[in-house]
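Read the structure below first, then the notes.
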Amino acid sequence: FLLKSQLCYCLFGIELIGAGIHALHEDEIFTVDYCGTNCTKQSNGSWTTCPGNCSCYHEDGKTDGFCLSTEYTDFTQFPNLTSEEMDAATPRPE
């Protein structure tokens with residue numbers, strides 16, 4: 001139960017940070033996703049690896065962390081799309 005509470009608190013805090021960044025710059029988004037696994041500090045001081053493009057994030061002095069993927073998108077690098085271009089890029093139901 002404690003781990004789930006800590007996870008919710010951590011993810012909730014990250015969501016607030018992401019929302020705060022989003023509120024500062026409307027054309028930029030920073031997203032954080034939990035990768036479904038945790039990481040652990042080993043006796044030699046290294047951390048267990050996380051899957052895929054996920055990285056281990058942990059507090060100083062702790063031996064457990066969360067595997068998270070982060071992504072930054074700057075929408076100012078994309079031109080203004082026309083309605084036709086947006087329609088063409090919209091996913092269609094199967």
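The backbone N, Cα and C atoms fix where each Cβ goes, and this holds for glycine too.
For C35, the disulfide partner recorded in Swiss-Prot among C54, C56 is C54. For N80 (N-linked glycosylation site), the nearest neighbour among the recorded positions C39, N44, C50, C54, C56, judged by Cα separation, is C54. The 10 Å shell around the Cβ of C39 (disulfide bond) contains 21 further Cβ atoms across the protein chains shown. The closest partner of N38 (N-linked glycosylation site) among the recorded positions, by CA position, is C50; the full candidate set was N44, C50, N53. Counted over every protein chain shown, other Cβ atoms within 10 Å are most numerous around N38 among the glycosylation sites N38, N44, N53, N80.
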